[in-house]
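Features of the protein shown, as given by Swiss-Prot:
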DOMAIN    19-244  domain 'Radical SAM core'
BINDING   28, 77, 111, 171, 273, 274, 275  GTP binding site
BINDING   35, 39, 42  [4Fe-4S] cluster 1 binding site
BINDING   41, 81, 135, 205  S-adenosyl-L-methionine binding site
BINDING   268, 271, 285  [4Fe-4S] cluster 2 binding site
């Protein structure tokens, strides 16, 4: 009696596990490096953006995302720049939603500055997006303009209103900035919680030349948390979100507050994510200069086998942890900008 042998494992069916046993199930994809704001901790005011010809087409982005989903990605986040300023980006989101319908993908989401949500919130909901992150560092209109260099906070507020009206869950991300918005964190938190939105605080990360010293902007969240504990009752939560944030429940508001602390307490031991830039470069670590070109194998063959092999090699080189430091001599730890990598 002859037994049936198991089918041979192919690169496409092989799940992504790095050298340290971490299963890669979360993909962040920057669909553009362009943004309609110029937040000073992210990019310089006269930022030179990539030539549009260098960007992957929307069809190529779809194929790349689909390849990663075939290899075990269950959460896909679109980022930028500002993802919603990419021309025809909704056609990509609508196409990717087929993976939600098939059950291959558990979550399709995005991080946005909120400026385009009035236009796109309902369509995002129709495409199966259930939750989004909105980057907002202040509630003060003048301070918002200072941080973003020319932004209109009313557009963002209207966008948040539109997102919630469409049925999207919204989480607010705020970068903690020394001597700029640190005094406003309690009121920002109370506002977010009053709107049934979690707030996640993020330390400044040393990525890309921004024409200013990040040492002047850096505020350790351990210090900020200690201040908050003087005003509020914070209870640690054992939320396993697969992300870098550590959450607490704020008794006085009933809401959730997250801390992302790459500088003071890294999150590398549980890292389950990789990033793809809008030019098709794969970065397996936010805080390393590692890079694997996926555009070449993507365009070299109409089938995905070469692409899968390139992905497997890159995952096999994923480092154990990042190299972030705040350099008093104003040198970024990583030369590429967050807007290119995907924030």
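Just so it is clear, glycine is given a Cβ too, placed from its N, Cα and C backbone atoms.
This view paints the features noted in Swiss-Prot onto the structure.
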{"residue": "35", "record": "[4Fe-4S] cluster 1 binding site", "CB count, 10 Å": "21"}
{"residue": "39", "record": "[4Fe-4S] cluster 1 binding site", "CB count, 10 Å": "21"}
{"residue": "77", "record": "GTP binding site", "CB count, 10 Å": "21"}
{"residue": "111", "record": "GTP binding site", "CB count, 10 Å": "20"}
{"residue": "135", "record": "S-adenosyl-L-methionine binding site", "CB count, 10 Å": "20"}
{"residue": "171", "record": "GTP binding site", "CB count, 10 Å": "18"}
{"residue": "205", "record": "S-adenosyl-L-methionine binding site", "CB count, 10 Å": "25"}
{"residue": "268", "record": "[4Fe-4S] cluster 2 binding site", "CB count, 10 Å": "16"}
{"residue": "273", "record": "GTP binding site", "CB count, 10 Å": "22"}
{"residue": "274", "record": "GTP binding site", "CB count, 10 Å": "26"}
Around the Cβ of residue 28 (GTP binding site), other Cβ atoms found within 10 Å total 22
Spacing of the two Cα atoms, residue 275 (GTP binding site) and residue 135 (S-adenosyl-L-methionine binding site), in whole angstrom, works out to 19
Whole-Å Cα distance, residue 35 ([4Fe-4S] cluster 1 binding site) to residue 77 (GTP binding site), is 17
One of the binding-site residues 41, 42, 81, 285 has its Cα closest to the Cα of residue 274 (GTP binding site), namely 285
Restricted to the domain 'Radical SAM core' (19-244), the mean pLDDT of the model is 94
If you measure between the CA atoms of residue 205 (S-adenosyl-L-methionine binding site) and residue 271 ([4Fe-4S] cluster 2 binding site) and round to the nearest Å, you get 17
Residue 271 ([4Fe-4S] cluster 2 binding site), Cβ-centred 10 Å count of other Cβ atoms over all protein chains shown, is 24
Spatial hits near residue 135 (S-adenosyl-L-methionine binding site) (Cα distance within 10 Å) out of the binding-site residues 28, 171, 285 come to 171
For residue 268 ([4Fe-4S] cluster 2 binding site), the closest of the binding-site residues by C-alpha position, picking from 41, 42, 77, 111, is 77
Here the binding-site residues are 28, 39, 81, 171, and the Cα closest to that of residue 271 ([4Fe-4S] cluster 2 binding site) is found at 28
DSSP, reduced to three states, assigns residue 41 (S-adenosyl-L-methionine binding site) to coil
Here the binding-site residues are 39, 42, 285, and the Cα closest to that of residue 77 (GTP binding site) is found at 285
